[in-house]
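Chemist: Here's a structure for you.
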Amino acid sequence: MKSQTIPTRRVRGFRRAAVIRQLLSRDKTPLTILLLASLTGVLAGLAGVAFEKAVAWVTAHRIEGLAQVAHIPWLVWLLAFLFSALLAMVGYFLVRRFAPEAGGSGIPEIEGALEELRPVRWWRVLPVKFFGGMGTLGAGMVLGREGPMVQMGGNIGRMVLDIFHRPDAEARHTLLATGAAAGLAAAFNAPLAGILFIIEEMRTQFHYNLISIKAVFTGVIMSTIVFRIFNGEKSVIEVGQLTDAPVYTLWLYLLLGIIFGAVGPLFNRLVLGMQDVFARIHGGNTTRWVLLGGAIGGACGLLALWEPAAAGGGFGLIPIAAAGNFTVGMLLFIFIARVVTTVFCFSSGAPGGIFAPMLALGTLLGSAFGMACAAWFPQWHLQAGTFAIAGMGALLAASVRAPITGIVLVLEMTDNYQLILPMIITCLGATLLAQFLGGKPLYSTILARTLAKQEAERQAQADGRNT
């Protein structure tokens, strides 16, 4: 009896496996794409949670180590530099040695991959981006985790595609976009912003059709569910419930948008210019590049010890600044300090994003503007926090040129949907002036520079073979 049961079970198992293989091998099967998109979303969500916990673990141990010697002033300063320098050097070395495409934000790499202009080598990008990001973000460098999550999410999508042997180009494109959107959603607990980011920021690369958009929706839903299982459903940035902006104050938000419209292109020029400076300093030499990264990381460690608000990604700073706990002068000082540290950290090629630092910069300048307006117009009883929220999305809109994503992202992260009108006005003003001043979207410009460098290297190799 048992000898008959075992073969019968095996036959049934083989039949199920054959049905699954047949389903997955059918070309242009929407159900298959949606199933793979679901798996991509789950894996991207798990990667997002793991990355967040890993960075927090490294940061906590670094701070705990410094606390052990807090009673010895000279030693705590020395160790603050050394701990952060060593962590940063790990990140820089991993990128330079094993996966150069994992440096920086990673979002331009995904944009290039969607156009089949940049390769996706998930087997090396995923570990390098994860552990390299643990080093640089754990060191206290002014970087965010959203860029790494977008790149890791996109690479997870390609990994799923390769595992299940889907050779068609449309499936490759769809799962890459799905993973990127799921990664952003998992980084910020912002599902709608993840969807809009693909549609708006990657509008020139994304193939918008019914199947692809359903896949993006599915992946984002799954990654957000995974995020909320581990982290709960509360907003990522808790600034409290702010009051709505009266109609007669809306012109102030337009003025704030104009300010950010001037700041955005200037910020982009600083980033791109500093990238050129760093390229000239290290000249492609790995040792110089890693030592330079260690010096920047160590400086961030010292800065975090002296003024914690000036270092780190900035998520912890945003609620404090929005609550009006700083003076206008202090807000402007921290803003300038963080502009410098953001530009240095991001332009150096460290594995880390720039979304979170830009959100913090927008909060600082917006809060300073709001406090100044509250002093100028005391009869209106203005709340500086509303300007801080508007500023969060405005710098993103002016720099990245994705105003809708900036608006929705901030509203989802802060749970202040009643501020949608002042947010729209501020982001529109910022985008229009940035465009009028000739500013180019940051990620598109970085991608163009990467492609130009790639073409120059290919040409040099071709010339070398011909000689």
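Heads up, residue numbers simply count up from 1 along the chain you see.
The backbone N, Cα and C atoms fix where each Cβ goes, and this holds for glycine too.
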Chemist: Select one of Y253, Y417, Y443: the residue that Swiss-Prot places in the chloride site alongside S105, I354, F355.
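Modeler: That chloride site, as Swiss-Prot gives it, pairs S105, I354, F355 with Y443.
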Chemist: Are V142 and A18 co-located with respect to the membrane, according to Swiss-Prot's topological domains?
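Modeler: Different domain labels for A18 and V142.
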Chemist: Grab the chloride binding residues from the record (S105, I354, F355, Y443) and give me their largest CA-CA distance in Å.
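Modeler: Roughly 11 Å, rounded to the nearest whole number.
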Chemist: Give the residue counts of the topological domain 'Periplasmic' (375-384) per reduced DSSP state, in the order helix, strand, coil.
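Modeler: For the topological domain 'Periplasmic' (375-384), the helix, strand and coil counts are 6 helix, 0 strand, 4 coil.
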Chemist: With DSSP as the yardstick, break the motif 'Selectivity filter part_1' (104-108) down into helix, strand and coil residue counts.
Modeler: 2 helix, 0 strand, 3 coil
Chemist: Need the DSSP three-state call for F355 (chloride binding site) to compare against my parser.
Modeler: helix
Chemist: Which listed range (31-67, 75-98, 146-164, 420-436) shows the maximal number of Cβ pairs under 8 Å with respect to the transmembrane segment (353-374)?
Modeler: 146-164
Chemist: If I take every residue in the motif 'Selectivity filter part_2' (144-148) and average their pLDDT values, what number comes out?
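Modeler: Over the motif 'Selectivity filter part_2' (144-148), the predicted model scores a mean pLDDT of 91.
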Chemist: Is it possible to get the count of other C-beta atoms within 10 angstroms of the C-beta of I354 (chloride binding site)?
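Modeler: I354 (chloride binding site): 29 neighbouring Cβ atoms within 10 Å.
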Chemist: Are there residues at least 6 beyond the ends of the transmembrane segment (213-230) whose Cβ is under 8 Å from a Cβ of it, and what are they?
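Modeler: Distant Cβ neighbours of the transmembrane segment (213-230) are 30, 33-34, 36-38, 40-42, 44-46, 48-49, 153, 157, 174-175, 177-179, 181-183, 185-186, 189, 191, 194-195, 198-199.
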